[in-house]
Amino acid sequence: MSKVAVIGATGRVGSTAAARLALLDCVNEVTLIARPKSVDKLRGLRRDILDSLAAAQKDAEITIGCERDDYVDADVIVMTAGIPRKPGQTRLDLTKDNAAIIKKYLEGVAEENPEAIVLVVTNPVDVLTYVALKVSGLPKNRVIGLGTHLDSMRFKVLIAKHFNVHMSEVHTRIIGEHGDTMVPVISSTSVGGIPVTRMPGWEDFDVEEAVREVKEAGQRIIETWGGSQFGPAQAITNLVRTILQDERRVLTVSAYLDGEIDGIRDVCIGVPARLGREGVLEIVPIELEEDEMRAFRRSVKVVKEATREAMEAISER
C-alpha cells in the first residue's frame with residue numbers, strides 16, 4: 001500500500017484527483033497539500049473525501065499539510081499547484097511563474113526521498129517536467145509529466161465515434177508538446193487491429209479538424225466551465241494506478257529523452273513510455289513517417305526554447 005501526496009489539492013484538478021486517488025485499492029494514504037492560507041479549505045476537502053470513502057466503503061487515511069515534511073516521504077508526489085490558464089492564454093504563457101512554484105516545492109526532493117516518483121500536471125507540463133527533473137535531483141525515470149496522455153484519449157474518442165466502434169478498439173497516440181505543436185501519429189493508428197487508413201470511411205475523417213478539436217478542448221472548457229477538472233483528474237488516477245500496481249502499460253506521457261527517438265536529447269516531451277513501479281521503465285521507440293518526424297522535431301524545438309527560458313528564470317530567483 002502506498003502514500004500519494006497531491007500538491008495544490010485545493011484547486012480544481014488537485015481536489016478531484018485527490019478524491020479519485022483515495023478510492024484506489026493500491027493507495028492507503030492521500031496527503032492534501034496547499035499554502036498555509038488555504039488550511040481551512042484543506043480541512044473541508046479532507047472531510048468531504050472521507051465522506052466519499054465512507055459511501056464507497058473504502059478505508060484510507062486522508063491527511064493535510066502545508067510543509068515539506070508532510071509530502072516529501074510520499075511514494076508518488078502529484079504536482080498540480082500553479083497559476084491556471086485564463087481565457088486567451090496559451091499554456092506556455094504560464095512558464096516562468098509556474099517554474100518558480102515547481103522549484104519551491106520540489107527542489108532537492110531526492111536528498112530526502114530518492115525513491116519518490118513525481119508526476120507533474122502543472123502547465124506547461126513538458127517544460128515543467130524538465131524543471132522538476134533538474135531541481136528535484138531525481139533520476140530521469142522518476143519524474144513524469146501528464147503530457148499528451150489526455151490529448152491521446154481525446155483523439156481516441158473522436159476516432160471511435162467516427163468509425164462507430166468502442167474506444168478499446170482504437171489504438172492511437174498524440175506525441176510532442178501538450179499544446180499547439182502536438183503531433184497525431186496516424187501511421188501507427190489502428191481500429192480493431194486494422195490500420196486506420198484502410199478503414200472504410202477513412203477518407204471522410206478530417207484529421208486536421210480532429211486535432212484542432214483536441215488542441216482547443218482545454219480552452220473551450222476554460223471559457224465555459226472555468227477550467228479542466230475531471231478529465232485531468234482521471235488521467236492522473238490512471239497513471240498513478242499504472243505506476244503503483246506495476247502494470248507496465250505503454251502510455252503517452254512527458255518523459256526525458258536521451259536519444260531514444262531519432263537521437264533527440266535533453267528535453268521532456270510527450271512520447272510513448274512503459275510505466276511501472278520504478279516510473280518510466282522504457283521509452284518505447286516509435287517509427288514515424290517523414291512528415292510526422294518533422295512535426296515532432298518542430299514540437300521539440302518549441303518545448304526546448306520554452307524550457308531554456310524557464311531554467312533561466314528560476315536561476316535568477
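Note: Cβ is positioned from N, Cα and C throughout, glycine not excepted.
Counting Cβ atoms from all protein chains shown, HIS178 (active site, proton acceptor) has 30 others lying within 10 Å of its own Cβ. Per Swiss-Prot, the feature active site, proton acceptor maps to HIS178.
THR10 (NADP(+) binding site) carries neither a helix nor a strand DSSP state and counts as coil. In the shown protein chains, 23 other C-beta atoms lie within 10 A of the C-beta of THR10 (NADP(+) binding site). The NADP(+) binding site feature in Swiss-Prot is assigned to GLY8, ALA9, THR10, GLY11, ARG12, VAL13, GLY14, ASN98, VAL121, THR122, ASN123.
As annotated by Swiss-Prot, substrate binding site applies to ARG85, ARG91, ASN123, ARG154, with the evidence given as similarity to another entry. When secondary structure is read from DSSP and collapsed to three states, ARG154 (substrate binding site) falls in the helix class. Proximity of ARG154 (substrate binding site) to non-local residues of its own chain (separation of 6 or more, Cβ distance below 8 Å) is seen for GLU213, VAL214, ALA217, GLY231, given in sequence order.
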Whole-number Å value for how far ARG85 (substrate binding site) lies from ARG12 (NADP(+) binding site) (Cα to Cα): 12
GLY8 (NADP(+) binding site): tally of other CB atoms within 10 A of its CB: 26
Spatial neighbours of ARG85 (substrate binding site) among the recorded positions GLY8, THR10, GLY14, VAL121, ASN123, HIS178 [C-alpha, 10 Å]: ASN123
VAL121 (NADP(+) binding site) to HIS178 (active site, proton acceptor) - Cα separation in whole Å: 11
Packing count at GLY14 (NADP(+) binding site) (other Cβ atoms within 10 Å of its Cβ): 28
Largest CA-to-CA spread of NADP(+) binders GLY8, ALA9, THR10, GLY11, ARG12, VAL13, GLY14, ASN98, VAL121, THR122, ASN123, angstrom: 17
